[in-house]
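Enquirer: Swiss-Prot feature annotations, pasted as is:
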TOPO_DOM  1-551  topological domain 'Lumenal'
COMPBIAS  58-75  compositional bias 'Basic and acidic residues'
REGION    58-83  region 'Disordered'
ACT_SITE  Asp125  active site
COMPBIAS  289-298  compositional bias 'Basic and acidic residues'
REGION    289-323  region 'Disordered'
ACT_SITE  Asp372  active site
TRANSMEM  552-572  transmembrane segment
TOPO_DOM  573-597  topological domain 'Cytoplasmic'
Amino acid sequence: MNNYFLRKENFFILFCFVFVSIFFVSNVTIIKCNNVENKIDNVGKKIENVGKKIGDMENKNDNVENKNDNVENKNDNVGNKNDNVKNASSDLYKYKLYGDIDEYAYYFLDIDIGKPSQRISLILDTGSSSLSFPCNGCKDCGIHMEKPYNLNYSKTSSILYCNKSNCPYGLKCVGNKCEYLQSYCEGSQIYGFYFSDIVTLPSYNNKKKISFEKLMGCHMHEESLFLHQQATGVLGFSLTKPNGVPTFVDLLFKHTPSLKPIYSICVSEHGGELIIGGYEPDYFLSNQKEKQKMDKSDNNSSNKGNVSIKLKNNDKNDDEENNSKDVIVSNNVEDIVWQAITRKYYYYIKIYGLDLYGTNIMDKKELDMLVDSGSTFTHIPENIYNQINYYLDILCIHDMTNIYEINKRLKLTNESLNKPLVYFEDFKTALKNIIQNENLCIKIVDGVQCWKSLENLPNLYITLSNNYKMIWKPSSYLYKKESFWCKGLEKQVNNKPILGLTFFKNKQVIFDLQQNQIAFIESKCPSNLTSSRPRTFNEYREKENIFLKVSYINLYCLWLLLALTILLSLILYVRKMFYMDYFPLSDQNKSPIQEST
């Protein structure tokens with residue numbers, strides 16, 4: 001009987017112990033979570049205070065810089081008289097571009113928004129006009145390189161509020177805010193509201209900073225490609241339409257009258273550079289001037305779009321020879337072959353031919369094409385694409401051990417091709433060299449060809465104004481994908497031909513807004529790996545402490561499970577000790593005499 005009450009009493013005590021333990025653990029958990037949250041808030045406040053201090057320092061520096069602007073502008077006016085002969089690097093503002101065609105599918109730069117500033121990564125897009133990015137409070141935005149822009153952190157931000165129909169520039173009033181809405185040809189759409197703030201461009205080569213106020217779009221909804229891109233926003237570089245929101249590039253040159261209204265883009269396989277105020281002659285390939293003269297002489301002797309002087313195929317040692325020559329390049333603007341921009345607000349130019357092995361495969365007399373750094377690939381009409389693809393397919397050999405297939409290609413004659421080539425022998429030589437060097441080719445999605453090497457692949461030649469033929473090398477119209485080089489051409493969409501990034505690559509594309517013209521100069525563009533990009537306080541850190549991202553209910557359950565596990569172990573241990581004390585083994589009740597008998 002006594003044992004029974006003892007057992008009951010112990011289990012009651014044990015139950016109380018379990019209850020108190022669970023209550024204690026749960027409260028400790030909540031307290032710890034609150035402490036973590038408070039620490040995060042304190043860190044955020046400290047960062048905000050540091051940002052404000054930085055902003056005050058920047059304002060002081062701006063005042064000092066503004067005092068020197070008058071003196072510098074006077075010097076600029078004197079220097080501008082000699083700028084027609086030479087572009088001085090000190091007068092240029094250079095900005096590093098990051099990204100590539102394969103992994104990112106775009107190139108982007110970093111600019112500062114607000115006072116104190118918050119860094120935002122923006123895709124460089126000459127095919128659009130808006131400057132926009134996600135803002136704090138957006139529930140339909142993706143995870144990008146930086147956290148959404150926080151308007152409350154900036155002392156200079158101002159939302160563009162409205163009352164039914166008083167929005168400027170013909171904008172719509174939605175929810176007492178002027179609506180921002182942008183649609184793109186690939187199907188992406190973003191919308192939100194407009195706000196104004198200070199835009200600052202920190203140049204890596206020039207201590208002076210370009211800064212001005214700009215009306216920008218705050219994303220409250222993203223979809224399609226924008227939802228999954230790594231860069232935070234978009235920076236449009238096209239021109240202002242009548243009665244439209246003033247664009248970035250127009251405001252930039254309006255607030256820096258000392259600069260020439262010229263900018264250039266130079267991208268390599270990884271990264272590149274944006275140059276404001278001119279272009280960089282030092283990047284020109286050393287034999288560029290010789291090439292232009294040679295091409296002009298070739299064009300003067302051409303007939304009906306076919307070049308009479310033999311255009312060589314891309315050779316393995318071309319780049320080595322170009323770099324080894326020590327030829328002085330003239331910096332005179334007159335040596336650059338300019339192309340007129342054919343439309344008012346976007347960068348369209350006319351092309352008059354596209355040559356492959358000396359044969360013009362374009363069936364139209366001319367074609368308007370958009371020069372667009374926001375498009376990854378170059379989009380051409382379907383008939384031109386099919387012609388190029390036909391010849392590249394012949395040069396694409398999947399299995400070097402398939403003797404039947406190889407012999408079949410080697411037996412091709414010029415008459416058996418869809419369109420005879422002017423330099424058919426060069427085509428056959430390239431095919432033989434590809435086979436001999438085992439330049440294997442594979443096909444990826446949508447039949448896109450990829451070669452292991454650029455060797456013996458053909459150059460393309462684009463005919464521009466004044467019958468000037470510009471070389472388009474495989475290192476440009478193909479892009480690096482792991483250990484292969486893949487075709488960067490696609491069929492046009494919505495009847496809109498585009499010269500995309502695969503045309504920009506390894507060229508300095510110069511936009512002269514004063515003369516309304518564009519030039520393409522083969523250049524050795526700088527490389528900037530994304531891994532070398534400076535870090536910032538407002539970046540999105542993917543490797544944060546995982547426990548800070550777990551919800552409180554999940555964290556509570558985790559602690560509860562741990563507590564129950566510990567308590568269960570204690571119960572089993574106490575139970576074992578209890579039975580050992582109150583229920584001794586039968587052998588323990590026997591006397592020593594009984595055991596001996």
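Just so you know, glycine gets a Cβ as well, placed from its N, Cα and C.
What you see is a predicted model, and the numbers here were worked out from it, not measured in a lab.
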Enquirer: Secondary structure at Asp372 (active site) (DSSP, helix/strand/coil)?
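Expert: Looking at the DSSP assignment, Asp372 (active site) belongs to neither helix nor strand, so coil.
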Enquirer: By the count of other Cβ atoms within 10 Å, pick out the sparsest of the active-site residues Asp125, Asp372.
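Expert: Result for the active-site residues Asp125, Asp372: minimum number of other Cβ atoms within 10 Å at Asp125.
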Enquirer: What Cα-Cα separation, expressed in whole Å, is found between Asp372 (active site) and Asp125 (active site)?
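Expert: Here the two Cα atoms are 7 Å apart.
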